[in-house]
Protein chains: 2
Amino acid sequence: MTAPVVAVVGGGQLARMMAPAATALGIDLRVLTETADGSAARVVRSSVVGLPRDDGSMAAVLTEPRSADVLTFEHEHIPATAFARARDVGVPAHPAEHALLYAQDKIEMRRRLTGLGVPCPDWTELPGPGALEGFLRDHGGVAVVKTARGGYDGKGVRVVRSVTEVTEWFAAARIGGPALLAEAKVPFVRELAVLLARRPSGELRCWPVAQTVQADGVCSVVVAPAPDLSPEVEAEALRAARTVAEGLDVTGVLAVEMFEVPGDGAGGPRVLVNELAMRPHNSGHWTIDGAVTSQFEQHLRAVLDLPLGSTETVGPWSVMANVLGSGLGELTDGLATVLSADPGAKVHLYGKEIRSGRKLGHVTVVGEDLHDVRDRALAAAARLRGETVDG
Amino acid sequence: MTAPVVAVVGGGQLARMMAPAATALGIDLRVLTETADGSAARVVRSSVVGLPRDDGSMAAVLTEPRSADVLTFEHEHIPATAFARARDVGVPAHPAEHALLYAQDKIEMRRRLTGLGVPCPDWTELPGPGALEGFLRDHGGVAVVKTARGGYDGKGVRVVRSVTEVTEWFAAARIGGPALLAEAKVPFVRELAVLLARRPSGELRCWPVAQTVQADGVCSVVVAPAPDLSPEVEAEALRAARTVAEGLDVTGVLAVEMFEVPGDGAGGPRVLVNELAMRPHNSGHWTIDGAVTSQFEQHLRAVLDLPLGSTETVGPWSVMANVLGSGLGELTDGLATVLSADPGAKVHLYGKEIRSGRKLGHVTVVGEDLHDVRDRALAAAARLRGETVDG
C-alpha cells in the first residue's frame, strides 16, 4: 500500500501520541527528534535525529526515503528556514507559516485577535519599563508580563507588581531577546479550552468545551465537557475559537485557552482568550479515550485534508489528570498498582526519563458520574506518581 | 524509563494492532517479521526479519539489544525450537508451549476438550479413508474434514460427502503431512465467539459474547454483544470458554469460536466449541473502539502479568466489518470517501499490499441502534473496497 507520509517536527509526547492514530489509518509517520531515544522515536519506525533549524535534518524528514505528503509540528518553535525547506521540495506545511506565526509570537497574536474582535484581556506592548509602570498604574498595580516568544508551560510568564520583577527580561529584550507584553490579570471564574480541527479545504469541527485546571502554570486536570457551562458562555467560547481558526487560517488542531469571567452584566464578554496552540494540546488528551475521534487522529486527518471525524463523546464525563515527574521512582513501578486499583482507568505513558516537573504521562477516566470519574482520575495519577492513595 | 519489552513472533496485522496499546502503556514492542515492510514492521521501531524456526532470528528478537520480558505470538505456527530458544535465555513465553499445543493441533484440542467435558461437535481421528467412510455413514453422509495442523481462515477445512474429496489430504498424511480428523457438520443457529484474557497469576476477564458471521471460511462481520442472546446460552458459552482457558492454562488473549445449536430440549448443550485461537483474534477487533480495554492492550497486560482492564463496552452495540482485498485499487482511494460519508466510522488499515482475499483492514461502528450501526459498518467496508454505496 502506498501510505500517506506525515513528517512531524518534534519528538515529544505529542508526536508520540500521533503514532497510534497513524497506525489505524495506514499513515506512515516520520518524526524529527532531538534525541534518538525520545518519546516519539521509541514508537515509530522512522525518525531523523536533528533540529528544525538544520537544513539537512529538515531535508531528511521531508524527503527520505520518499517525499512526505505534508509537514506538521508538535511545537511552535519552528524557524522560517524550516518552512523554506518544505517549500523547496514542494511539501505543504500545516499549519502554514502565516498561521503558526500567531502561536509563536504573543504580540502578533494579540494584535491580530484584537483586529478580529476576539475578546482578549487588556494588553499592551512593552517597549520599556516605563510602559509597564503605566500599565500597572492603570490595572490596580498588577499585570501579567509575558515574553512574546519562547514560552511554554508557564515559562516566559510572570505575574508582577513592580518593574523590578522583570528587570532581566527588559535587559534581554534590549540585546535581541524576546519582546515583552503586559496583560491584565483577569479575575476569572475558571479556565476553559476549546479544541477544534480545521482542514485546508475549510471543514471545521469542535469538541465540547472543556474546563482546564492549571498548577504552577502547567495543565494539571481537564474535565470534558466543562461542568455547568451556561449556553451563553459555551456559544461565546465556540464563536471565539471559530473566529480564531478561520481568521488566522489555522489548519490542523487548534487549542484556544480561555478565561471564563463573571461578565459585566451589560453584554460584555464572558470569555477572554488567553493562549493559542496550533497542534494537539494537553487540554485535548481526554479525546483519546473520551471522544469518537481523538485530537491526534483528527490532526492527521486535517493536515492531510481528509474528512474530519465525529467529535462526539463516548461517555458523559471524561477527566484527564497529568502525571508530572516527582523524582520518586519509575512510573512502571506504579503501573501495576494503578491498573489493579481501577480496571477502567486509561493510562498513557510517554516513555521518558523521569525528571522533576516533566510531563511523563496522563490518565483518563470516562464515566457517568462526574465526582466518581474525577476522584478516580486523580487517584490513578497519584498512584502513578508513587503516592499512596486511600481506598 | 526502563520500559518492559514484549517480543512478538509474527509481523501481520495482529502484531501491528498491538503497537498502539504498547505505545499507551510505555511498552517497547519488538516483532519478528517475515518481511521488512510487513504490516507490523511499518509501525514499530524495532523489528527482526526472520522466521521463528531460525535460531538466530529468535535469539535477536528475544535478546537484542536487551532481553525481552516476555515472548508472545500473533499466530499458532510456532515450532518447539522457538520455545527452546526462549527457555535458553530465560524469557517466559505466553501462551506457554503446553497451552499453545491445543491451538496448533486440532486432534490434541478435541481430545483435551472432550476430557474437560467441554461440549464439542462429534468428532473422530482419521487414520485412513475407512474411518471417514464410517463417520460419513454415522452422520448423514456429510462431515467436516480438517487437517490437524496448519489451517487458518478456512484453509485446511473441507465439508465433504465422499472420501474422494480429500484423497490428496490422506495421501499427504501418509507421507508425513498433517493428520486428519472429521467433525459432524453442526446444524447451527449462528456462530458465537467468546473472547477473554487470562494472566499467569490466574486473573481472567471475558468480554461480552459476540456473534460472528463468516463468508467463505473467513470472518466477515462481528456484532457485539450477540443480539438476542438467551441468558442460558450466554452462561454456557462463558462457562465453556472459562473451562478451556483454565483447563488448558491459557495465558494472554483466548478466542473460543462456537456454534449456537438449537438444543435437544433435554438439557443437552446449546453451544459447541468449534475453534480456539490463543492470541488477539478477528472476532475481537471491535474491542479497539467498542470496549474500555481492547484485546490488544489486554493481551499485553496479560502476558506481562499486569492487572487486566475493564471489558465493559463503551456503547450499546459495536459492529466490525472486515475489508478483504478485491483487487480493485488502493484502499487509500476509498479512505476519503468513507471518512466523508460517516464521520463516526472507525477505520483500521493494515498497511498491506493488496492481494485478492487478503485481510487489508476493518471498520468498526459503535452506537445505540443495532440496525443503523450494522448498516453503517457494512457501508463503510464496502466503500473502502471501492464499491459504490447508495445514500
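Residue positions begin at 1 at the first shown residue.
Cβ coordinates are placed from backbone N, Cα and C, and glycine is handled just like the others.
In TrEMBL, annotation is done automatically, which means it is predicted and not curated.
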Further ATP ligand in TrEMBL, beside A:LYS106, A:GLU183, A:ALA184, A:LYS185, A:VAL186, A:GLU191, A:ASN274, A:GLU275, within candidate set A:LYS146, A:LYS346: A:LYS146
Mean of the pLDDT scores, which run from 0 to 100, over the domain 'ATP-grasp' (A:110-304): 95
Sparsest Cβ surroundings (other CB atoms within 10 Å) among the binding-site residues A:GLU183, A:GLU191, A:GLU275: A:GLU275
Fewest other C-beta atoms within 10 angstroms, as judged across A:LYS106, A:LYS185, which are the binding-site residues: A:LYS185
A:LYS185 (ATP binding site) - helix vs strand vs coil (DSSP): coil
Where A:LYS106 (ATP binding site) sits in the secondary structure, as DSSP reduces it to three classes: helix
